[in-house]
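Record features, source TrEMBL:
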TRANSMEM  25-43  transmembrane segment
TRANSMEM  55-81  transmembrane segment
TRANSMEM  87-106  transmembrane segment
TRANSMEM  118-142  transmembrane segment
TRANSMEM  154-171  transmembrane segment
TRANSMEM  192-215  transmembrane segment
TRANSMEM  221-241  transmembrane segment
Amino acid sequence: MMALQFGGLLELSPALLVSKQTVQALVSAVLMNVAIVGINQVYDKKLDRVNKPYLPLASGAFSSDTALSIIAACTTVSLVLGVLSGSSALIFSLVVSLLLGIVYSVDYPGLRWKRSPVLAASCVLFVRAVIVQLGFFAHALGRGLLDFHFPKNLWFAIGFMVVYGAVIALFKDLPDVVGDQKQNIRTLSVRLGPSVVFNICVSLLSMAYGSAVLLSVMYNSATSTVLGILHTAVIFSLLVASKRVDISSSASLYEYYMLIWRAFYAEYFLLPWCTF
């Protein structure tokens, strides 16, 4: 929708939500995400038996062979859909996301970047804040990855997701501190302690949503006002919930982490309406 606004083509209708570009992007992206998450779970099997014993591989519900078959199928179908779309931007987004997912998770010399806080955060930020925003924006326009002038709302989306991506990259390790310590994975949560990282994440969330509210005030319009109210409601909910988190409890931290993800996905419904 943001891309269609930029191209002067936006006319909100059910047809827009099921357009060819939308379906191609959503289906291929979901399948690739399943593959990337699957790769991570295959190589985190021992860790997950401590940190997340309810996951399919850790619990024994899936065998490694079953998981690898699912990963291969999802990867293949995702890439085939990307190629059939004829969109270089979509293909690039899928391939780079897969490659970063591999270097992030695979336990092989030079890989397993999740062991390094900086490299792990870089993977998450680059995919969530840059590749997804630019790739799918260009795909919706039917153009090459950088074959357009960057509108201000796209810059805002990238900036917002850079901060949010940093929060996800930092917070994802908080519920896993015990298992990470046992496996000698020196995440920032292990090095600095859960309390410090938790407070950093809440501060970053406040900064991201605060900037969105400030821009809504600066660009005085009916749409901006509604967006400002909605962003205020989201950060208020996140801040209130943060006060109830027991930082010594992995379950409590994981529950808040899931709330952060729900707010993250909700933002994808708000960003397209930004007309800054």
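Just so you know, glycine gets a Cβ as well, placed from its N, Cα and C.
When Cβ-Cβ distances under 8 Å to the transmembrane segment (25-43) are tallied for each of 55-81, 87-106, 118-142, 192-215, 221-241, the top count falls to 55-81. When the stretches 55-81, 118-142, 192-215, 221-241 are ranked by Cβ pairs under 8 Å to the transmembrane segment (87-106), first place goes to 118-142. Panel annotation: around the transmembrane segment (221-241), residues 202, 205-206, 209-210, 212-213, 215, 256, 259-260, 263, 266-267, 270, 273-276 of the same chain, lying at least six beyond its termini, place a Cβ under 8 Å from a Cβ of the stretch.
Residues 156, 159-160, 163-164, 166-167, 170-171, 173-174, 177, 224, 227-228, 231-232, 234-235, 238-239, 242, 245, 247-248, 253, 260, 274, 276 of the same chain, all 6+ positions outside the transmembrane segment (192-215), place their C-beta atoms under 8 angstroms from a C-beta of that stretch.
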